[in-house]
Amino acid sequence: MVFRKLPGVSASGMGLRLSQKFVFLLFLSGLVTLCFGALFFLPDSVRLKRIFLSKTETQPVTVGSGSENDAREHLKRPKDQEHPRGMTSAKGETSTKLKSLSRKPSVSHEATEERLAGGKAQEDMTLPKSKTESATSSDHDANSDTFSFKKFKGCLLKPPLGRDSGNPSDPKTNERREKVKEMMKFAWDNYKRYAWGKNELRPLTRNGHIGNMFGGLRGASIIDSLDTLYIMGLMDEYSEAKEWVQTSLDLNSNGEASLFEVNIRYVGGLLSAYYLTGEELFKNKVLELGEKLLPAFNTPTGIPRGVINLGSGTSWSWGWASAGSSILAEFGTLHLEFVHLTELSTNPIYTEKVMNIRKLLNKIEKPHGLYPNFLSPVSGNWVQHHVSIGGLGDSFYEYLIKSYLMSDKTDDDAKMMYYSALEAIEANLVQKSPGGLTYMAEWRGGILDHKMGHLACFSGGMIGIGADDGAPEKRQHYLDLAAEITHTCHESYTRSATKLGPEAFRFDGGAEATATRLSDRYYILRPEVIESYMYMWRLTHDPKYREWGWEAVEALEEHCRVESGFSGIRDVYTMTVSHDNMQQSFFLSETLKYLYLLFSDDDLLPLEDWVFNTEAHPLPIIRKSCLQDEATQDKTVSE
């Protein structure tokens, strides 16, 4: 060993005194500590950490502390902002036959390449990328520990935008689809002109609305519209939206956000934009936002609270929620998005959080097999025995069956929970009116309230998409039930003067699918009825669903279209309409998207490959076997 000559050190024999040796060793150990510390404490570098950490070691995401003693002012969402959706039932006149949907459990790489070859579908899959983005994608594909968009594309059974962007061959249907596209452009252009960067447009006063649901986040209508603009081929508008995300979407907000609303609109919107286009911008943004939601789960049970400060990480329950409870439809409507956050980040923490919710729900007793709407995040017990398939409960059930479908039908726990819940709902809530309409009542400690909400009308579609995977002897029954629900919800539209449905309708005191209270007569551009039309069309191809959808288009045009956008109305039972001056972001994300899909061919976002989150953002089915085959093939080629 050779030492450089140091001051005060004799060169003869390289002799070092004891004190000099001590100083030298101290200096050397400090240098080594500094070098190793830099690897771990400078800004995160995954590649450097992999040198020293086992590949099997989970790298935790740091989350803020959610103290049980946080004393915060609780916010109550305005009634017209309450969005969790529900489930219902209605009587159809004839039995509905199920159209076969050959949902295959997996697909080989070769078969997929064969399907995609020769068409323009692969070109439709993603916009042209810059050289930098292409290089980034190639780098990701080469690394088996990161998500590969190329591998994901190879596991789709069909191109997402179809052979011809879902363009129907029937001229009448195509004309109707073009009308819906014009409505979207009109809504978007006015949002851009008068409310750009705000969350929603106020079309009467021609200004923007921010609201208190998104915790300081802006541009809800932009994020909600990304995938709608893309699938409609409104590429100039899509480019405007993408540019705003790149330059102006600030995730460093410090306000009080609804965990549920931020998840379904922002996380869902950015995820679907990424999966449709492959743009790394959307992936980076959604992973940054997803990490900010994790502190909401810092409770004794792991059940997240409903409100979170995205800046500080503190969380609390809604002030109006009974005894500080969390809401079933809110903590139960995270699973789809969080599983995809794990897919993109390769960090299991997101999936672990939502699976922990599952474990607790499976452990606690359900009254009559039903899931009440209020659960304590501290004790893990139900707070009230109020059950609704409409607001407060709704999308929890939707995410059970969609989790099963999104897992390529491997999530047996979700399947069991869904069909058990559906059985309990049928036994306790499904009712038949004197006029023959099937509906789902609400349940309050064993006492039925004979009303249904507009939010509950999504469930026709939900039960429809789950029919094919029920017990063989129940499949036709479920499809018939789905048709009955959709029929009842259509009746709530046709029995109003405007041909638009009220917020809630009743089946008592002589009422049949009509609102009896003034406070229930409003319509805020909600999508749930049209959502069920779209699913039932896909499942049965019964032309009545397209006719019903066109009736809704005509009603929207006559009563909700104003000079500078679309507005909800305060009373669906009067032709002298009073507008509420709000163009909801979900009108662009859901209502118009479902109408467009209703008048498109089935190969536009085919149900074999995609599930829609509760804000109508399409998320791909995860075919683990295919992705693993792709990774094995890539590894073999590289070797």
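A Cβ is built for glycine as well, from the same backbone N, Cα and C atoms used for every other residue.
The shown structure was predicted, so the numbers you read here are calculated from the model rather than taken from an experiment.
Summarising the annotation, TrEMBL assigns transmembrane segment to 22-42.
Marked as compositional bias 'Polar residues' by TrEMBL: 59-68 (among others).
Under the heading compositional bias 'Basic and acidic residues', TrEMBL lists 69-85 (among others).
Per TrEMBL, compositional bias 'Polar residues' is recorded for 91-105 (among others).
According to TrEMBL, the compositional bias 'Basic and acidic residues' annotation covers 110-123 (among others).
Of all Cβ atoms in the protein chains displayed, 25 besides its own lie within 10 Å of the Cβ of Glu261 (active site, proton donor). The active site, proton donor feature in TrEMBL is assigned to Glu261 (among others).
Residues or ranges marked as active site by TrEMBL: Asp394 (among others).
For Glu503 (among others), the entry in TrEMBL reads active site, proton donor. A 10 Å cutoff on Cβ-Cβ distances gives Glu503 (active site, proton donor) a total of 23 other Cβ atoms nearby, all chains included.
The active site annotation in TrEMBL covers Glu528 (among others).
Just so you know, the Cβ of Thr614 (Ca(2+) binding site) picks up 28 other Cβ atoms within 10 Å once every protein chain is counted. If you look up TrEMBL, you'll see Thr614 marked as Ca(2+) binding site.
With all protein chains in the displayed structure included, the most crowded Cβ environment within 10 Å among the active-site residues Asp394, Glu528 is that of Asp394. Here the C-alpha separation of Asp394 (active site) and Thr614 (Ca(2+) binding site) works out to 10 Å. Considering only the recorded positions Glu261, Glu528, Thr614, Glu503 (active site, proton donor) has Glu528 as its nearest partner by CA-CA distance. Each residue contributes its Cα atom, and for Thr614 (Ca(2+) binding site) and Glu528 (active site) those atoms are 10 Å apart. Residue pair Glu528 (active site) / Glu261 (active site, proton donor) shows a Cα separation of 16 Å.
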